[in-house]
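Please read the structure below before turning to the comments.
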Amino acid sequence: MTPPTTGLPAENTTDNNDHLVQSDDPEHPANLIPSLCAKFWTLGWVTGTGGGASIRDDDLVYLAPSGVQKELMKPSDIYVLSLAAQAQSLSRRQRVYLRSPPVYKPSQCTPLFLAAFTKRNAGCCIHTHSHWAVLVTLILEQQRSKEFRINNIEQIKGFGKGFQKSGNLGYHDTLVIPVIENTAHEEDLTEFLEEAMDKYPDTYAVLVRRHGVYVWGDNVHKAKTQCESLDYLFQLAVEMKQLGLPWITDIEPTIPTRKD
């Protein structure tokens, strides 16, 4: 039986289960998270220790810690917990970890990542502080809107139709991303994120006003590609707004003419 820890530094535990983050496989979650975060840092998504990522491997959940410079993160910095054990926890603030790093503290993003795993059965959840995401929420704030909506853009095809649905959205479909208000403490966003997931069962992302975005997917590949597609659409939307172009348009589908 793997003994748990409470998220305290490793020196306060008798067995820190370091084997959970030690692997030569580049696809191992403990190796993937630092690799992904280093790439996200180059995109400006996780600057100043902000943002993060989490990967679920069956019952094990691997999490980037709080306060780490994402481009310098190492596998030894990763937290690991049991997803099933969290259902038995009496408090979100008293989580039990199977493995804790020798420094750093658990991320306040943890309960939001877990929401994606428990409510959507996601395999990966990414949180970015993309300035394009923040700008979109500011534009929507001026419009008194709590939804980002865009259609008739090719990149929309990068998103699935919804939870437990097969296939992806089409060019003419409307992508809808809910917006929740920011809170002083990130973990306090959890109930609002969960409410948005319930209200928008087909969404793969939730924007946080003046803060950033949470994006999830069935696996690392899908979460990453959807996060990239969404950031592209956010940038496009901001630039469309500057040009006075609408995000929602009425374009009739083009039917190709068959030649005999």
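Any Cβ shown, glycine's included, is placed from N, Cα and C.
Where the annotation comes from TrEMBL, it is an automatic prediction and has not been curated.
Per TrEMBL, these features apply:
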- GLU154: active site, proton donor/acceptor (ACT_SITE)
- CYS109: substrate binding site (BINDING)
- HIS127, HIS129, HIS211: Zn(2+) binding site (BINDING)
- 16-26: compositional bias 'Basic and acidic residues' (COMPBIAS)
- 31-238: domain 'Class II aldolase/adducin N-terminal' (DOMAIN)
- 1-26: region 'Disordered' (REGION)
Problem set entry | Cα-Cα distance linking GLU154 (active site, proton donor/acceptor) and HIS129 (Zn(2+) binding site), given in Å to the nearest integer | 24
For this session: Go ahead and report the DSSP secondary structure tallies for the compositional bias 'Basic and acidic residues' (16-26): helix first, then strand, then coil.
Result: 4 helix, 0 strand, 7 coil
For this session: Might you list, by sequence position, any residue in that chain lying six or more from HIS127 (Zn(2+) binding site) with a Cβ less than 8 Å away from its Cβ?
Result: GLY51, GLY52, ALA53, CYS109, LEU112, PHE113, GLY212, VAL213, TYR214, VAL215
Seminar exercise, completed: Quick note, HIS211 (Zn(2+) binding site): same-chain residues at least 6 apart with CB under 8 Å of its CB -> HIS129, VAL134, THR137, ASN182
Exercise. Do any residues at least six apart in sequence from the residue listed as 'active site, proton donor/acceptor', in the same chain, have a Cβ closer than 8 Å to its Cβ, and if so which, in order?
Worked result: TYR171
Seminar exercise, completed: Taking all protein chains shown into account, the Cβ-based neighbour count within 10 Å for HIS129 (Zn(2+) binding site) is 20
Exercise. With a radius of 8 angstroms around the mean position of the C-beta atoms of HIS127, HIS129, HIS211, what other residues of the same chain does the Zn(2+) site pick up?
Worked result: GLY50, GLY51, THR128, SER130, ALA133, VAL208, GLY212, VAL213, TYR214
